[in-house]
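As recorded in Swiss-Prot, the features of this protein are as follows:
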| type | residues | note |
| --- | --- | --- |
| TRANSMEM | 44-64 | transmembrane segment |
| TRANSMEM | 104-124 | transmembrane segment |
| TRANSMEM | 140-160 | transmembrane segment |
| TRANSMEM | 183-203 | transmembrane segment |
| TRANSMEM | 210-230 | transmembrane segment |
| TRANSMEM | 244-264 | transmembrane segment |
Amino acid sequence: MLKTIQDKARHRTRPLWAWLKLLWQRIDEDNMTTLAGNLAYVSLLSLVPLVAVVFALFAAFPMFSDVSIQLRHFIFANFLPATGDVIQRYIEQFVANSNKMTAVGACGLIVTALLLMYSIDSALNTIWRSKRARPKIYSFAVYWMILTLGPLLAGASLAISSYLFSLRWASDLNTVIDNVLRIFPLLLSWISFWLLYSIVPTIRVPNRDAIVGAFVAALLFEAGKKGFALYITMFPSYQLIYGVLAVIPILFVWVYWTWCIVLLGAEITVTLGEYRKLKQAAEQEEDDEP
């Protein structure tokens, strides 16, 4: 398989097809859909603990009280399908119940939220096929930093966007602000995926590969979100089957689909670098031939 791809790269015929074959081979070898299923399961298990920890962080900083409400609505409006309002009510009820837990239960919530971070780390390093492991203390520090600073940075960015929105009275900035707010979810997804693909793997990732893979993942995520919402709106047959429980399979499928997109972006990032190495090796062999 690699020899065929190498030959195609050597003769510079149909390089895109050769790259796509390499991408498909990696997806198959890494069992990407199985990894996505594992991450979806852990995500659903960690969803309420993760949201509870995030809301607790915002509660600890009074200056983010207004921003936390905006961030909550922004997340459910832009990162969940059309039934986000229903899911939001259920999750907020679960989080309210979790606030009544004891200190031991609160520690359990934090551990469960960190479990999601560990699963993401493990899945991405499986795709990058990295054998190097971080020290446990360092990994815990990174997970905790993401868990604590991530929501605060998101809240700060949302506060900035709200401030820009308040400047709409300035006619000269009106069009610019509208365009920025319109593409803000895409930019946020792009930056998030880029950081994920650049920081989490324990090996060095070329920045341009991470940017390309993150951009493709962000585009697929936004397109998938709109397509999924359109399907739910136009073909509501799931409601006839599941009734009031319809929100459960919708959330399951959406989380699984989201992780498929995230891991596909990672596979694209890896394949770009691997194909470039194969092409360089093929060109070197061509130069060495008499």
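Every residue number used here counts from 1 along the chain in the order it is shown.
Including glycine, each Cβ sits where the backbone N, Cα and C put it.
The list of residues near the transmembrane segment (183-203) in space but at least 6 beyond its ends in sequence, with Cβ under 8 angstroms from a Cβ of it, reads 78, 120-121, 124-125, 128, 130, 132-134, 142, 154, 157, 161, 210-211, 213-215, 217-219, 221-222, 262, 265-266, 269. Within the chain, the transmembrane segment (104-124) has long-range Cβ neighbours (under 8 A, six or more residues past its boundaries) at 35, 38-39, 42-43, 45-46, 48-50, 52-53, 98, 139-140, 142-144, 146-147, 196-197, 200-201, 263, 266.
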